[in-house]
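Listed in TrEMBL:
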- 23-48: transmembrane segment (TRANSMEM)
- 77-101: transmembrane segment (TRANSMEM)
- 113-136: transmembrane segment (TRANSMEM)
- 156-176: transmembrane segment (TRANSMEM)
Amino acid sequence: MMEGTASGRRILEVSPSLGSVDMFAPITSLILVSILVALGVLHLLWALGSSFPCANEQALARAVVGRRGITKMPSSLSCAGVAFCLFAAAVLAGLLGGHVFATELLFLHKAALALAGLAAALVFLGRGIIGVLPAFERSAPELPFLSLNRRVYSPLSFLIGLGFLLLVISLPNWSWRFGGG
């Protein structure tokens, strides 16, 4: 909305809801869901035998696992299990952000959902922190994993964990956070 001033200049009045906390949770949730689904699809592709984005399986294993002397990717079942966990985390992010309204269908109590969000936050924050410790780096010294872990994997894990933590703290549209019904 435009409003005039004493000098005759017109200024744009910013809506108070534009920067409100009510916008934070849905946006954060959508970002987390997008990232987690993309990572889940990538792991599912690996479970199906793809070496994307690398040229071959050995290059992929060296880039995403990084154990000393690794030549093969973990089993398809392992990759599919990680994909399932990432998809479940995406659904959890959607629930916490208010995009998925299945809490009644899933018989989820809001406190249990908050605890699940905290657990996800701890897992991702832990991976982000542990991934940069010298002991972890000694256990996975292969390049390019080591540099990718420092620049991409650990920071991304930490940011995903922070996103889950912020979603749990904001608890969008949940009246019990205010002490109401």
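Including glycine, each Cβ sits where the backbone N, Cα and C put it.
Automated prediction, rather than curation, is the source of TrEMBL annotations.
Counting residues 6+ beyond its ends, the transmembrane segment (77-101) has Cβ neighbours under 8 Å at 25-26, 28-30, 32-33, 36-37, 39-41, 43-44, 46-47, 108, 113-114, 116-117, 120, 160, 163-164, 167-168, 171-173 in the same chain. Within its own chain, the transmembrane segment (23-48) is flanked in space by residues 17, 60, 64, 73, 76-80, 82-84, 86-87, 89-90, 93-94, 96-99, 156, 160, 163-164, 166-167, 170-172, which lie at least six positions past its ends and keep a Cβ under 8 Å from the stretch.
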